[in-house]
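Here's the structure, in structure tokens; my notes come after.
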Ligand SMILES: [Zn+2]
């Protein structure tokens, strides 16, 4: 039963992923998402403009059977296509899995009594992850984070806080991916104050970085995303999201500089790193924090 459900979600994810490819490839930084429809029409090879037949549009399988080249002109097809399709399928399977898994741990009473809320949480987080993926691709390519995505993430954060409050309530264990470690950092009176506080911390922290670096290290898009992540993750989870994004960002930036691909003055988009931080906290927040505290014998 569960296998069938997750298999259907994976197939739906593959199809939705090829839609996300169209959205991100046709995205225009000046016009936003509005011109996606106007370009419209059937998909075609960007090199020879030949329209693609239905059997060239099957997610992943087409790419494999064509060996990554256009059937007409032999032009290499971007690896983004199968990569995003597979990643979307993965999102559609593992995000609901993780929501259900953590609900089993958190809901000490009957899981079935809360099934509606848990499905709602799984759906809301899946949408958030799809937006994370689109945001990361667009920021990577165009060095911009669309306002529409940041606003949508903020709205999702409010919705997720509301449903979490309804399903789990809010307290020592509930509403944090760090589980009981969250208690150490306090501020757990109400979920609304907690998530609002996290958003303000995010805005102040990134506002500070922008002020100190005079806008060279971060952009306004990163600041807005930090606020939205605060609403989504709450306190103290959001601090860990930022910490991981800075650690991964530094490692990759130094790596690029050492290989001569980037220099100190080159701008590196930070949105993808914030997304990686968010993914790490969502899936491994508790494990990573217990590993850390385990080093100091704190349980
Ligand atoms: Zn072609």
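Each Cβ is built from the backbone N, Cα and C atoms, and glycine gets one as well.
Nobody curates TrEMBL annotations by hand; they come from automatic prediction.
Taken from TrEMBL, the feature domain 'Prepilin peptidase A24 N-terminal' applies to 11-98. Look at TrEMBL and you will find 127-254 tagged as domain 'Prepilin type IV endopeptidase peptidase'. The transmembrane segment annotation in TrEMBL covers 6-27, 86-109, 115-138, 150-171, 191-213, 225-258, 270-293.
Sorting the domain 'Prepilin peptidase A24 N-terminal' (11-98) by DSSP state (H, G, I as helix; E, B as strand; all else coil) yields 48 helix, 6 strand, 34 coil. Contact between the transmembrane segment (115-138) and the transmembrane segment (191-213) is absent: fewer than three CB pairs lie under 8 Å, with pairs separated by 6 or more positions in sequence.
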